[in-house]
Amino acid sequence: MDVVAGKALQVSDAVYSYQLDGKGGVTSISPDAVATAEQPCWLHLDYTHPDSAAWLQNTPLLPEVVRDGLAGESVRPKVTRLGDGTMITLRGINFNNDARPDQLVTIRVYMTDKLIVSTRHRKVYSIDDVLNDLQSGTGPTNSGNWLVEIVDGLTDHTSEFIEDLHDKIIDLEDDLLEQKIPARGQMALLRKQLIVLRRYMAPQRDVFSRLASERLPWMNDDDRRRMQEISERLGRGLEDLDSSIARTAVLSDEISSLMADAMNRRTYTMSLLAMVFLPTTFLTGLFGVNLGGIPGNTDSFGFATFCMMLVVLVLGVAWWLKHSKWL
(Lines of atoms letter the chains of each structure in order from A and count residues from 1; the text may use other names and numbers.)
(Lines give C-alpha, C1' and ligand atoms only; values in the text may rest on other atoms or scores of the structure.)
Protein backbone atom coordinates (compact mmCIF):
# COMPACT_ATOMS: atom_id res chain seq x y z
CA MET A 1 0.00 0.00 0.00
CA ASP A 2 1.16 3.54 -0.72
CA VAL A 3 1.76 6.11 2.00
CA VAL A 4 -1.25 6.51 4.30
CA ALA A 5 -1.41 10.13 5.42
CA GLY A 6 -3.42 11.28 8.41
CA LYS A 7 -5.06 13.92 6.24
CA ALA A 8 -6.85 11.16 4.31
CA LEU A 9 -8.24 9.67 7.53
CA GLN A 10 -10.09 12.71 8.84
CA VAL A 11 -13.73 11.64 9.25
CA SER A 12 -15.82 14.04 11.32
CA ASP A 13 -18.33 11.50 12.66
CA ALA A 14 -15.91 8.60 13.20
CA VAL A 15 -16.54 6.57 16.34
CA TYR A 16 -12.78 6.27 16.99
CA SER A 17 -9.81 7.66 15.11
CA TYR A 18 -6.44 6.67 16.58
CA GLN A 19 -2.88 5.83 15.67
CA LEU A 20 -1.17 3.06 17.61
CA ASP A 21 2.14 4.23 19.06
CA GLY A 22 3.77 0.79 18.89
CA LYS A 23 4.14 0.68 22.68
CA GLY A 24 0.61 -0.32 23.69
CA GLY A 25 -0.89 3.17 23.58
CA VAL A 26 -2.65 5.43 21.08
CA THR A 27 -2.69 9.01 19.90
CA SER A 28 -5.30 10.85 17.86
CA ILE A 29 -4.75 10.82 14.11
CA SER A 30 -3.50 14.26 13.18
CA PRO A 31 -3.54 15.57 9.59
CA ASP A 32 0.27 15.41 9.58
CA ALA A 33 0.43 11.80 10.80
CA VAL A 34 1.80 9.04 8.59
CA ALA A 35 0.73 5.44 9.15
CA THR A 36 3.50 2.84 9.28
CA ALA A 37 3.70 -0.87 10.02
CA GLU A 38 5.10 0.00 13.45
CA GLN A 39 2.44 2.66 14.09
CA PRO A 40 -0.70 1.75 12.12
CA CYS A 41 -3.78 3.97 12.05
CA TRP A 42 -7.15 2.69 13.25
CA LEU A 43 -10.39 4.20 11.97
CA HIS A 44 -13.57 2.85 13.59
CA LEU A 45 -16.78 3.97 11.87
CA ASP A 46 -20.53 3.62 12.16
CA TYR A 47 -21.47 3.07 8.51
CA THR A 48 -24.90 4.66 9.07
CA HIS A 49 -23.33 8.05 9.83
CA PRO A 50 -23.40 10.25 6.71
CA ASP A 51 -19.76 11.38 6.67
CA SER A 52 -18.53 7.88 7.46
CA ALA A 53 -20.67 6.40 4.67
CA ALA A 54 -19.37 9.01 2.22
CA TRP A 55 -15.75 8.35 3.24
CA LEU A 56 -16.20 4.59 2.77
CA GLN A 57 -17.53 5.12 -0.76
CA ASN A 58 -15.02 7.75 -1.88
CA THR A 59 -11.66 7.12 -0.19
CA PRO A 60 -8.90 5.79 -2.48
CA LEU A 61 -7.43 3.86 0.46
CA LEU A 62 -9.96 1.05 0.11
CA PRO A 63 -10.30 -1.44 -2.77
CA GLU A 64 -13.56 -1.15 -4.66
CA VAL A 65 -14.82 -4.57 -3.53
CA VAL A 66 -14.30 -3.64 0.12
CA ARG A 67 -16.53 -0.56 0.16
CA ASP A 68 -19.85 -2.41 0.09
CA GLY A 69 -18.48 -5.10 2.40
CA LEU A 70 -17.74 -2.57 5.12
CA ALA A 71 -21.21 -1.05 4.87
CA GLY A 72 -23.29 -4.00 3.69
CA GLU A 73 -25.84 -6.29 5.20
CA SER A 74 -24.93 -8.68 7.99
CA VAL A 75 -23.38 -11.89 6.75
CA ARG A 76 -21.82 -14.94 8.31
CA PRO A 77 -18.23 -14.65 9.53
CA LYS A 78 -15.66 -14.89 6.75
CA VAL A 79 -12.17 -13.78 5.74
CA THR A 80 -11.06 -12.68 2.26
CA ARG A 81 -7.55 -11.73 1.14
CA LEU A 82 -7.41 -8.79 -1.25
CA GLY A 83 -3.87 -8.07 -2.37
CA ASP A 84 -1.91 -6.76 0.59
CA GLY A 85 -5.12 -6.28 2.59
CA THR A 86 -7.59 -8.61 4.27
CA MET A 87 -11.35 -8.25 4.70
CA ILE A 88 -12.72 -9.91 7.83
CA THR A 89 -16.32 -10.18 9.05
CA LEU A 90 -16.93 -11.31 12.64
CA ARG A 91 -19.89 -11.70 14.98
CA GLY A 92 -20.12 -10.95 18.70
CA ILE A 93 -22.57 -11.16 21.58
CA ASN A 94 -24.97 -8.23 21.76
CA PHE A 95 -24.76 -6.53 25.16
CA ASN A 96 -26.61 -3.38 24.10
CA ASN A 97 -29.67 -2.27 26.05
CA ASP A 98 -33.08 -3.52 24.91
CA ALA A 99 -31.52 -6.29 22.81
CA ARG A 100 -31.24 -10.04 23.25
CA PRO A 101 -27.69 -11.42 23.36
CA ASP A 102 -28.46 -13.86 20.53
CA GLN A 103 -29.16 -10.90 18.20
CA LEU A 104 -25.46 -10.84 17.39
CA VAL A 105 -23.57 -7.68 16.53
CA THR A 106 -21.35 -7.55 13.46
CA ILE A 107 -17.89 -6.06 13.09
CA ARG A 108 -16.32 -5.70 9.65
CA VAL A 109 -12.61 -5.03 9.32
CA TYR A 110 -10.30 -4.20 6.43
CA MET A 111 -6.66 -4.49 7.46
CA THR A 112 -3.20 -3.94 6.12
CA ASP A 113 0.05 -3.58 8.02
CA LYS A 114 -0.47 0.21 8.10
CA LEU A 115 -4.23 0.72 8.20
CA ILE A 116 -7.16 -0.73 10.14
CA VAL A 117 -10.68 0.27 9.10
CA SER A 118 -13.44 -1.28 11.20
CA THR A 119 -17.16 -0.62 10.89
CA ARG A 120 -20.28 -1.47 12.86
CA HIS A 121 -23.80 -0.24 13.47
CA ARG A 122 -24.57 -1.54 16.94
CA LYS A 123 -21.95 -1.06 19.62
CA VAL A 124 -19.37 -3.85 19.98
CA TYR A 125 -18.13 -4.04 23.56
CA SER A 126 -15.01 -6.04 22.68
CA ILE A 127 -13.74 -3.05 20.71
CA ASP A 128 -14.32 -0.79 23.69
CA ASP A 129 -12.32 -3.21 25.84
CA VAL A 130 -9.37 -3.02 23.44
CA LEU A 131 -9.63 0.77 23.31
CA ASN A 132 -9.56 0.96 27.11
CA ASP A 133 -6.36 -1.10 27.11
CA LEU A 134 -4.85 1.20 24.49
CA GLN A 135 -5.77 4.31 26.43
CA SER A 136 -4.15 2.85 29.54
CA GLY A 137 -0.99 1.97 27.61
CA THR A 138 -1.41 -1.82 27.79
CA GLY A 139 -3.05 -2.46 24.43
CA PRO A 140 -1.91 -3.99 21.13
CA THR A 141 1.21 -2.69 19.43
CA ASN A 142 0.52 -3.47 15.75
CA SER A 143 -2.18 -4.60 13.33
CA GLY A 144 -1.80 -8.33 13.99
CA ASN A 145 -1.77 -7.83 17.74
CA TRP A 146 -4.86 -5.60 17.46
CA LEU A 147 -6.80 -8.31 15.61
CA VAL A 148 -5.80 -10.98 18.13
CA GLU A 149 -7.02 -8.79 21.01
CA ILE A 150 -10.33 -8.14 19.25
CA VAL A 151 -11.07 -11.82 18.54
CA ASP A 152 -9.92 -12.76 22.05
CA GLY A 153 -12.48 -10.34 23.51
CA LEU A 154 -15.23 -11.59 21.18
CA THR A 155 -14.49 -15.19 22.16
CA ASP A 156 -14.41 -14.36 25.88
CA HIS A 157 -17.87 -12.79 25.64
CA THR A 158 -19.13 -15.75 23.62
CA SER A 159 -17.79 -18.21 26.19
CA GLU A 160 -19.48 -16.28 28.99
CA PHE A 161 -22.79 -16.34 27.13
CA ILE A 162 -22.48 -20.08 26.47
CA GLU A 163 -21.82 -20.61 30.18
CA ASP A 164 -24.94 -18.58 31.03
CA LEU A 165 -27.02 -20.74 28.68
CA HIS A 166 -25.50 -23.85 30.26
CA ASP A 167 -26.54 -22.61 33.71
CA LYS A 168 -30.09 -22.01 32.46
CA ILE A 169 -30.26 -25.58 31.18
CA ILE A 170 -29.10 -26.91 34.56
CA ASP A 171 -31.80 -24.84 36.29
CA LEU A 172 -34.44 -26.24 33.93
CA GLU A 173 -33.25 -29.78 34.58
CA ASP A 174 -33.46 -29.20 38.33
CA ASP A 175 -36.98 -27.78 37.97
CA LEU A 176 -38.10 -30.79 35.95
CA LEU A 177 -36.78 -33.13 38.63
CA GLU A 178 -39.18 -31.31 40.97
CA GLN A 179 -42.02 -31.68 38.43
CA LYS A 180 -41.97 -27.95 37.62
CA ILE A 181 -42.83 -27.06 34.04
CA PRO A 182 -41.04 -23.92 32.68
CA ALA A 183 -42.95 -20.86 31.52
CA ARG A 184 -44.39 -20.94 28.02
CA GLY A 185 -41.78 -19.97 25.42
CA GLN A 186 -38.79 -20.26 27.75
CA MET A 187 -37.52 -23.47 26.19
CA ALA A 188 -38.13 -22.20 22.65
CA LEU A 189 -36.11 -19.03 23.33
CA LEU A 190 -33.28 -21.04 24.85
CA ARG A 191 -33.11 -23.40 21.87
CA LYS A 192 -33.20 -20.46 19.46
CA GLN A 193 -30.28 -18.79 21.23
CA LEU A 194 -28.27 -22.00 21.11
CA ILE A 195 -29.00 -22.63 17.43
CA VAL A 196 -28.31 -19.04 16.34
CA LEU A 197 -25.04 -19.00 18.25
CA ARG A 198 -24.04 -22.35 16.74
CA ARG A 199 -24.87 -21.11 13.26
CA TYR A 200 -22.50 -18.14 13.43
CA MET A 201 -19.77 -19.38 15.75
CA ALA A 202 -18.94 -22.45 13.63
CA PRO A 203 -17.79 -20.36 10.61
CA GLN A 204 -16.16 -17.88 12.99
CA ARG A 205 -13.98 -20.68 14.35
CA ASP A 206 -13.02 -21.49 10.76
CA VAL A 207 -12.09 -17.84 10.24
CA PHE A 208 -9.81 -17.93 13.28
CA SER A 209 -8.20 -21.16 12.07
CA ARG A 210 -7.54 -19.68 8.65
CA LEU A 211 -6.06 -16.50 10.13
CA ALA A 212 -3.77 -18.67 12.26
CA SER A 213 -2.60 -20.69 9.25
CA GLU A 214 -2.34 -17.90 6.65
CA ARG A 215 1.07 -16.25 6.29
CA LEU A 216 -0.32 -12.74 6.61
CA PRO A 217 2.53 -10.20 6.54
CA TRP A 218 1.14 -8.20 9.45
CA MET A 219 0.86 -11.20 11.80
CA ASN A 220 3.91 -12.66 13.53
CA ASP A 221 4.30 -16.19 14.86
CA ASP A 222 3.14 -15.24 18.37
CA ASP A 223 -0.04 -13.71 16.94
CA ARG A 224 -0.69 -16.85 14.87
CA ARG A 225 -0.16 -19.07 17.90
CA ARG A 226 -2.58 -17.02 19.99
CA MET A 227 -5.10 -17.02 17.15
CA GLN A 228 -4.92 -20.82 17.00
CA GLU A 229 -5.47 -21.04 20.76
CA ILE A 230 -8.52 -18.77 20.45
CA SER A 231 -9.85 -20.96 17.62
CA GLU A 232 -9.46 -24.07 19.78
CA ARG A 233 -11.17 -22.33 22.71
CA LEU A 234 -14.11 -21.39 20.52
CA GLY A 235 -14.16 -24.98 19.23
CA ARG A 236 -14.62 -26.22 22.79
CA GLY A 237 -17.44 -23.73 23.17
CA LEU A 238 -19.08 -25.16 20.04
CA GLU A 239 -18.87 -28.64 21.55
CA ASP A 240 -20.68 -27.29 24.61
CA LEU A 241 -23.30 -25.77 22.30
CA ASP A 242 -23.86 -29.10 20.57
CA SER A 243 -24.30 -30.91 23.87
CA SER A 244 -26.60 -28.15 25.13
CA ILE A 245 -28.79 -28.42 22.02
CA ALA A 246 -29.05 -32.17 22.58
CA ARG A 247 -29.93 -31.62 26.24
CA THR A 248 -32.68 -29.15 25.35
CA ALA A 249 -34.16 -31.76 23.01
CA VAL A 250 -34.29 -34.21 25.92
CA LEU A 251 -35.78 -31.49 28.13
CA SER A 252 -38.47 -30.76 25.53
CA ASP A 253 -39.42 -34.43 25.45
CA GLU A 254 -39.53 -34.52 29.25
CA ILE A 255 -41.69 -31.38 29.38
CA SER A 256 -44.09 -32.89 26.83
CA SER A 257 -44.23 -36.06 28.91
CA LEU A 258 -44.96 -34.11 32.11
CA MET A 259 -47.69 -32.09 30.41
CA ALA A 260 -49.24 -35.25 28.95
CA ASP A 261 -49.15 -36.93 32.37
CA ALA A 262 -50.79 -33.90 33.96
CA MET A 263 -53.51 -33.90 31.30
CA ASN A 264 -54.07 -37.64 31.73
CA ARG A 265 -54.39 -37.22 35.49
CA ARG A 266 -56.99 -34.50 35.07
CA THR A 267 -58.91 -36.54 32.51
CA TYR A 268 -58.79 -39.60 34.77
CA THR A 269 -60.02 -37.57 37.75
CA MET A 270 -62.93 -36.15 35.76
CA SER A 271 -63.82 -39.65 34.53
CA LEU A 272 -63.88 -40.97 38.10
CA LEU A 273 -66.08 -38.09 39.22
CA ALA A 274 -68.44 -38.83 36.35
CA MET A 275 -68.59 -42.49 37.37
CA VAL A 276 -69.30 -41.56 41.00
CA PHE A 277 -72.10 -39.14 40.22
CA LEU A 278 -73.62 -40.84 37.17
CA PRO A 279 -76.01 -43.04 39.25
CA THR A 280 -77.04 -40.10 41.42
CA THR A 281 -77.65 -37.97 38.33
CA PHE A 282 -79.84 -40.71 36.90
CA LEU A 283 -81.88 -40.97 40.11
CA THR A 284 -82.31 -37.22 40.56
CA GLY A 285 -83.45 -36.96 36.94
CA LEU A 286 -85.82 -39.87 37.37
CA PHE A 287 -87.36 -38.46 40.56
CA GLY A 288 -87.60 -35.02 39.03
CA VAL A 289 -90.08 -35.89 36.28
CA ASN A 290 -92.85 -34.43 38.46
CA LEU A 291 -95.40 -37.15 37.66
CA GLY A 292 -97.84 -38.83 39.98
CA GLY A 293 -96.86 -42.01 41.76
CA ILE A 294 -93.31 -41.00 42.69
CA PRO A 295 -92.37 -42.92 45.87
CA GLY A 296 -92.23 -40.78 48.99
CA ASN A 297 -93.92 -37.72 47.55
CA THR A 298 -96.41 -37.72 50.43
CA ASP A 299 -93.88 -38.60 53.12
CA SER A 300 -92.59 -35.66 55.20
CA PHE A 301 -89.17 -37.36 55.39
CA GLY A 302 -89.15 -38.35 51.73
CA PHE A 303 -86.55 -35.77 50.65
CA ALA A 304 -84.21 -36.55 53.56
CA THR A 305 -84.54 -40.25 52.85
CA PHE A 306 -83.77 -39.68 49.19
CA CYS A 307 -80.66 -37.61 50.06
CA MET A 308 -79.43 -40.32 52.42
CA MET A 309 -79.94 -42.86 49.68
CA LEU A 310 -77.86 -40.76 47.29
CA VAL A 311 -75.05 -40.47 49.88
CA VAL A 312 -75.07 -44.24 50.39
CA LEU A 313 -75.01 -44.74 46.63
CA VAL A 314 -72.03 -42.39 46.20
CA LEU A 315 -70.15 -44.14 49.01
CA GLY A 316 -70.97 -47.50 47.48
CA VAL A 317 -69.65 -46.50 44.07
CA ALA A 318 -66.52 -45.00 45.66
CA TRP A 319 -65.93 -48.24 47.60
CA TRP A 320 -66.31 -50.26 44.44
CA LEU A 321 -63.82 -48.05 42.57
CA LYS A 322 -61.38 -48.37 45.46
CA HIS A 323 -61.86 -52.13 45.62
CA SER A 324 -61.30 -52.34 41.85
CA LYS A 325 -58.08 -50.26 42.31
CA TRP A 326 -59.34 -47.46 40.12
CA LEU A 327 -58.82 -44.96 42.92
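Every residue gets a Cβ built from N, Cα and C, even glycine.
Under the heading topological domain 'Cytoplasmic', Swiss-Prot lists 1-271 (among others).
Confidence in the topological domain 'Periplasmic' (293-300), given as mean pLDDT, stands at 70. Feature annotation from Swiss-Prot assigns topological domain 'Periplasmic' to 293-300; the stated evidence is sequence analysis.
Annotation comment: Swiss-Prot describes 322-327 (among others) as topological domain 'Cytoplasmic', evidence class sequence analysis. Through the fold, the topological domain 'Cytoplasmic' (322-327) approaches residues 272 of its own chain, all at least 6 residues removed from its boundaries and within a Cβ separation under 8 Å.
According to Swiss-Prot, the feature transmembrane segment maps to 272-292 (among others), an assignment based on sequence analysis.
For the transmembrane segment (301-321), same-chain residues at least 6 beyond its ends with a Cβ under 8 Å from one of its own Cβ atoms are 272, 275-277, 279-280, 283-284, 287, 295, 327. What Swiss-Prot lists as transmembrane segment is 301-321 (among others), and the listing cites sequence analysis.
Per DSSP, the secondary structure of the topological domain 'Cytoplasmic' (322-327) breaks down as 2 helix, 0 strand, 4 coil.
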